């Protein structure tokens, strides 16, 4: 997983200046937004400048070794750049699972908070003594918690559960985040309504596995995700709901029916498949087979022909043979997946797979990663070529990172941060970010589309 820094700031004038750096996934970002909200409500002010901050909060990621290395790099940079009197608060997944790797820098840390203890950020900052709090309790179980959005004002993430009940062989998330803990339906709907009231137009539902939502709350251990979606869709308005992280065995007919019947529940799903070969899937301790995966994808494409499917695959899992890898290449080449994340297997201490025999060399993993990436790129180029000349409804996210002469936009098949975008090079009609426009696709550059604005969507 690639990590992305998120920096939170506003103009700060007091002596209680805080500077946040959040690494890792969108779930981590929500935790950072909650901590920021708590501190702003308590009277602290956020600053963009690390060097002028009185308190520096680093929310770490530990999903893969590369993420842990990045967390350590940021910590060293903070220690070196901060003013002498500033205090560092360290939180997040790395603290919860890999604290021993942080040992050389712990003398510089004022307070350590586990990933389930974000609601204690205020007491950590105000503590006169250095300390730590590492528990498995989640703020999801608490009452109302303030939150300060760091995303553009038109979209936001809504975390409906924490932890994971799956036990995939390659993953250490359950040991970091603990077991499944679902928010109550009432709390979710309350947050959903608040986001709509704030003007958010795209709400992205996240959890370790959305489909597991409510299995810890219901007597029959069945998913209650459909209840969440039905309650949300009762709210009036022209908003988008996007689902991320929905395991293949949790996509049932009820979810498909809702996507088919209400366009506000976007025809977009992120289904982490990880592999397609049955022996590898079994070794990964996955609960679906190749046949079940193909049945699901066929059903989705048949019921909702315009659906966009995102997924992720791991290459170089222990014992993966050339033939088994070729099965994956053949599957990807068939074009089932629109947006794809590809990762080399990472031998994570504490995972079942870490102790498996037949670990694959890094050179082989890198070669397989390149082959699969090239295979998917051919699919994307073919698909993008078919989109040229079509008109799509898309939201303007903001300026392109390379030039303020360009804008970026997304249609329903593109999630923020993780998917390609539309590069808008003709935008004279755009009057504001976060608004939806009809955009003609005129070309593509790599994975990204290129387009021009035709007109604003009526009602925007």
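Think of each number as a place in line: the chain as shown, counted from 1.
Yeah, the Cβs are placed from backbone N, Cα and C, and that goes for glycine too.
Feature list (source: Swiss-Prot):
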DOMAIN    16-130  domain 'MTTase N-terminal'
BINDING   25, 61, 93  [4Fe-4S] cluster 1 binding site
DOMAIN    150-382  domain 'Radical SAM core'
BINDING   164, 168, 171  [4Fe-4S] cluster 2 binding site
DOMAIN    385-455  domain 'TRAM'
Cα separation, residue 25 ([4Fe-4S] cluster 1 binding site) to residue 171 ([4Fe-4S] cluster 2 binding site) (Å, whole number): 15
[4Fe-4S] cluster 2 site shell beyond 164, 168, 171, criterion: Cβ within 8 Å of Cβ centroid: 166, 167, 170, 172, 173, 174, 208
Fewest Cβ neighbours within 10 Å, where candidates are the binding-site residues 25, 93: 25
Per-residue pLDDT averaged over the domain 'MTTase N-terminal' (16-130), given as an integer: 83
Assigned element (helix, strand, coil) containing residue 61 ([4Fe-4S] cluster 1 binding site), judged by DSSP: coil
Helix, strand and coil totals (DSSP H, G, I; E, B; other) for the domain 'TRAM' (385-455): 3 helix, 42 strand, 26 coil
Proximal but sequence-remote residues of the same chain as residue 164 ([4Fe-4S] cluster 2 binding site) (Cβ under 8 Å, at least 6 apart): 171, 173, 174, 177, 179, 180, 208, 209, 212
Residue 61 ([4Fe-4S] cluster 1 binding site) CB neighbourhood, other CB atoms within 10 A: 25
Inter-residue Cα distance where the pair is residue 25 ([4Fe-4S] cluster 1 binding site) and residue 168 ([4Fe-4S] cluster 2 binding site), in Å: 19
Other CB atoms, at most 10 A from the CB of residue 168 ([4Fe-4S] cluster 2 binding site): 20
Summary of DSSP states over the domain 'MTTase N-terminal' (16-130), given as helix, strand and coil counts: 60 helix, 23 strand, 32 coil
For residue 168 ([4Fe-4S] cluster 2 binding site): DSSP state (helix, strand, coil): coil
